Each structure stands twice: as C-alpha cells, then as structure tokens.
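A.B. asks: Once you've had a glance at the structure underneath, I'll fire off some questions.
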Amino acid sequence: MNSSPARAVRALVQSQSRQRPTLERACLSCATVVHARRCFSVLDRPPPNYPGHVPLTRVERAGLAVGSGLWSLLDPRRGDLIAAFAEATATPYFVPRLRDAMLASPTGRRILRDRPRITSSSLDLPRLRSLPQGTVGATYVAWLDREGVTPDTRAHVRYVDDEECAYVLQRYRESHDFYHALTALPVVREGEVALKAFEFANTLLPMTGLATFAAFTLREGERRRFVDTYLPWAVKNGLRAKEIINVYWEEEMETDVVDLRKALGIEPPPDMRDARKRERDARRRRKQLETEAQQGLDAASL
C-alpha cells in the first residue's frame, strides 16, 4: 500500500522534469515578446534593427511628424524635413502596404530579395549616356544632366523600425528621379507638386499628400495651371497606373521610354517647361506693352 503513493510521487517528479524544457522555452518566448513590445524611454532605447536605425518612442514619432510636416510646408526646399516626415508617418500602415504590393508582384519580390541601390556607381552613368535616345537609361541620364542633379543625394532611412519596410521606403526615395524622367516633369516647385500628387495617388504615402498642399504656395498662374491641368492628370494616371514601386529600373535601361509608359499605364503630362516658357513670354510681352503705353502717355503729356 505504501509503494503506491511513492510511485505516484516519482511519476509526478519525472513528469515535471520532462515538461521543464518546454516550460522554459515558453517563458523565454513570452519574455521576448514582452521585451519587443514594451515601451522604452529616450534613456533606455533598444538596439537598432539595421545600420543607421534610430528607434523612436510614440511621443518622439508624433513630435517628429508634426514638426517636420509644418516646417516642410513653410520651406519646401528642406529635403531633410520632408524625408523625416515621410519616415515618421510611413508606419504602421502605408509602407507595409507598399511592401505587400511588392510581395504580390514577381518583380517586386525580386527587388526585395536583391535589394539593389540606385547610385551613380551602381547605374554606371557614362554607359547610360551612350544608350540610344529614347531609352529609359538615356532619358533618365539626360534628365539628370539637364536638371543638374545626381542620384547620390537621397537621405538614408533612419526612423522606420522594420528593416524590410525601411528598404521599401529607401527604394521609393531613390526611384524618385526616375519618376521625373518618366513624366518629364522638371525640378521646380510646380513640377515637384505635380509629381507628388501623382505619387500620392499611386502610393498613398502621407508625405506625398502633404507635399501636394504646397500648391497653395505657387504663384497664381502656376496654381491655376496645376488645378486645371496637372492635378487631374496626376489623379487619373496615379490611380490607374500599376504600382510604380515594382519597376526594376536597373533592368529597364534599354527599354523604350514610351513603351514603359504604356506598360505602366501612364500618359505623359503636357510639357510643363513649354507651358512655363509661354507664360514667361506672355508676361514679358504684357510688361513691354505696358511700358510702351506709359511712354506714350508721358510723351503726350509733354
């Protein structure tokens, strides 16, 4: 009779011993999840998830979004503020949506796997200058030369926590000049606003939507032209075009730019440089006529 309780005790001890590794693993897993989700302070930041990453508290992220957003509206030339606003507002919804769009595309998945970077050295700009006129590469490098810009000026993503999402935003940022070349929109405030409206309709990134409000800072003629011509073009083409984040630009350099536009479903907008030139010429003629009229009045009064 006494041996039965002893056997029961030994069985219980053995059962607990067998379960201990499983319990320890479960506790460790719970601790890891809690640590990953716990709040932290500016004095106790978690380690960065990738080189250059700066983890932010919710308060810091909100402050960065509000501050950079307001100041970038006041001074649209501050690219650093625009970049900070983009990163502060890109998560948790908008960049993950772009990543999911890339994962749904065979080309997008290859981009995420290869993680190419767009720089002067990676693109081999001298080779692009030798490509036939009308190709994507030749159009892109001609646009760079005409506007006096390089692909090496894009800031590195710092405030997006997920490493893959950070790359998606970096890829979007480095592809921006290709969007300019594809649409032939110049690097002037009016051109940037029109392109940002197109990007917002296509990507839904909040930064691109905020940048569209810079239209209120345009001159009257530019603002009227944006509302009448380029905003309708941007909304129509941005919504109907394929996800431009999925273009593997490095593989399209020898593609005819007209064919790529058709493949993406993008119509080129009216030539903004020509429209701005016509406006300047008309303004110059009006000023000349006013001067001549004033000179005529002065001569008649003598």
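Every residue, even glycine, has its Cβ placed from backbone N, Cα and C.
For reference, Swiss-Prot lists these features for the protein:
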BINDING   HIS176, ASP177, HIS180, GLU192  Zn(2+) binding site
COMPBIAS  268-282  compositional bias 'Basic and acidic residues'
REGION    268-302  region 'Disordered'
TRANSIT   1-19  transit peptide
A.B. asks: Do any residues of this chain, six or more beyond the ends of the region 'Disordered' (268-302), have a C-beta under 8 angstroms from a C-beta of it, and if so which?
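C.D. replies: Residues 183-186, 188, 190-191, 194, 221-222, 225, 229-230, 233-234, 237, 261.
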A.B. asks: Can you check which residues sit near ASP177 (Zn(2+) binding site), meaning Cβ under 8 Å from its Cβ, same chain, 6 or more apart in sequence, and list them in order?
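C.D. replies: Same-chain residues close to ASP177 (Zn(2+) binding site) (Cβ under 8 Å, separated by 6 or more) are TYR140, TRP143, LEU144, VAL149, PRO151.
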A.B. asks: Got a sec? Which of these binding-site residues, HIS176, HIS180, has the most Cβ atoms within 10 Å?
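C.D. replies: In terms of Cβ crowding, the pick is HIS180.
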A.B. asks: Count the other Cβ atoms sitting within 10 Å of the Cβ of GLU192 (Zn(2+) binding site), across every protein chain shown.
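C.D. replies: Cβ-Cβ neighbours of GLU192 (Zn(2+) binding site) within 10 Å number 20.
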A.B. asks: Let's see if you can do this one: DSSP helix, strand and coil counts over the compositional bias 'Basic and acidic residues' (268-282), in that order.
C.D. replies: 11 helix, 0 strand, 4 coil
A.B. asks: Quick check: with HIS176, ASP177, HIS180, GLU192 left out, which same-chain residues have Cβ atoms within 8 Å of the centroid of the Zn(2+) site Cβ atoms?
C.D. replies: PHE178, TYR179, LEU185, VAL187, LEU195
